[in-house]
Amino acid sequence: MQGGESSGGSPDVDNALATEIDYRSSVGALTFLLYDICISMDDEVNLVWPKPWTRTKFLYLFIRYVPLVVQISILPIGSRELTPAIHFTPHDCFIWQVYQGVATVLIFSAVDYVLILRVYALYHNNRTIRRIVLVAFGLELCGMCVGLGLSLPGIQFDAICVVTSISEALLIYAGSALIFQTFLFTLTVFKFVKAVREGWGNTPLVALVMRDGTWAFFTLFAVISSNLSGLKNSSFANVLYPWLLSSFSFAGYHVLLNLDRLSDAPLGTSQSTTTESPYQFTTRIITDREQANSERELADSHELTSFSGPSGSGTST
């Protein structure tokens, strides 16, 4: 097919090599994710399980386990030992690609929402920031859905459902995610720089959000960008897709686990070292909504929230 002709060798040899690399990449990504889930299970049991069902807990479990299930479910696809016995038709292969594309959008959206909540925490639920971020999030989702819809018809497969060619419309899909990730990281850096200048940059919440935001941004940016290499070498169009799922899952649930560790620490106040700064940060992070409705938010005490400032400064940016 088209992918085999791109490397200048025998199409059959090229496709066989691409299939083998794709499958090993899938096994490697699945092994990495499963291993990390196992070694972090103690944290999950201690920090997540005892807490009531809330939005954050649901997001954590979704981000942690749905990518794992998706990878396990697609592992037999593209295997030269297993797939021929199932007798997939081209339409069946197309349905599998739709399944993977929709699953990726859902996983991206869940992780992005976690990153959005971190930005809300830094900006103390400032209404203007919330509206801007929500609009940007909506545009990202629209871009990904449009890109997915335009790229799916252009995907080509071989006899065992291995992707041999992808559409350049995938740039819309990936570009939407990259732009939104960059936007959130820019907001995080801006707030961190302001925090350092005002003397509260070393507080637990700000330091944690900046640290996790930095490694998560560069990890996800690198993985998404690397997946675009399939546009130039169609034979390996699908080789990094499993790592995309593993990376987003890893980043998403580790960000939440780290925030749970912070909120689970003994209650106390870490005050700015600058006497001019009136802000105080607590290891239990609270929100305006919790303050307005303490009874309802008691069950959500571990949710992503923000710092508490002096009266009248809650919406400061």
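Glycine residues also receive a Cβ, built from the backbone N, Cα and C atoms like all the rest.
Per TrEMBL, these features apply:
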type	residues	note
DOMAIN	26-69	domain 'DUF6533'
TRANSMEM	58-78	transmembrane segment
TRANSMEM	98-120	transmembrane segment
TRANSMEM	132-150	transmembrane segment
TRANSMEM	170-193	transmembrane segment
TRANSMEM	205-228	transmembrane segment
TRANSMEM	240-259	transmembrane segment
COMPBIAS	292-303	compositional bias 'Basic and acidic residues'
REGION	292-317	region 'Disordered'
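The transmembrane segment (58-78) makes no contact with the transmembrane segment (170-193), as judged by fewer than three Cβ pairs under 8 Å among residues 6 or more apart in sequence.
Sequence-distant contacts of the transmembrane segment (240-259) (same chain, six or more residues past either end, CB-CB distance under 8 Å): 25-26, 28-30, 32-33, 36, 40, 43-44, 47-48, 56, 59-60, 63-64, 66-68, 70-71, 100, 103-104, 107-108, 110-111, 114-115, 118, 208, 212, 215-216, 219-220, 223-224, 226-227, 229-230, 285, 304. Per-stretch counts of Cβ pairs under 8 Å to the transmembrane segment (132-150) identify 170-193 as the leading one among 98-120, 170-193, 205-228. The average pLDDT for the domain 'DUF6533' (26-69) in the predicted structure is 94. If one looks beyond the transmembrane segment (205-228) by at least 6 residues along the same chain, the residues whose Cβ comes under 8 Å of a Cβ in the stretch are 111, 115, 118, 121-122, 170-171, 174, 177-178, 181-182, 184-185, 188-189, 191-192, 195, 240-241, 243-244, 247-248, 250-251, 254-255, 258-259, 262, 281, 285, 306-307. DSSP labels the residues of the domain 'DUF6533' (26-69) in these numbers: 36 helix, 0 strand, 8 coil.
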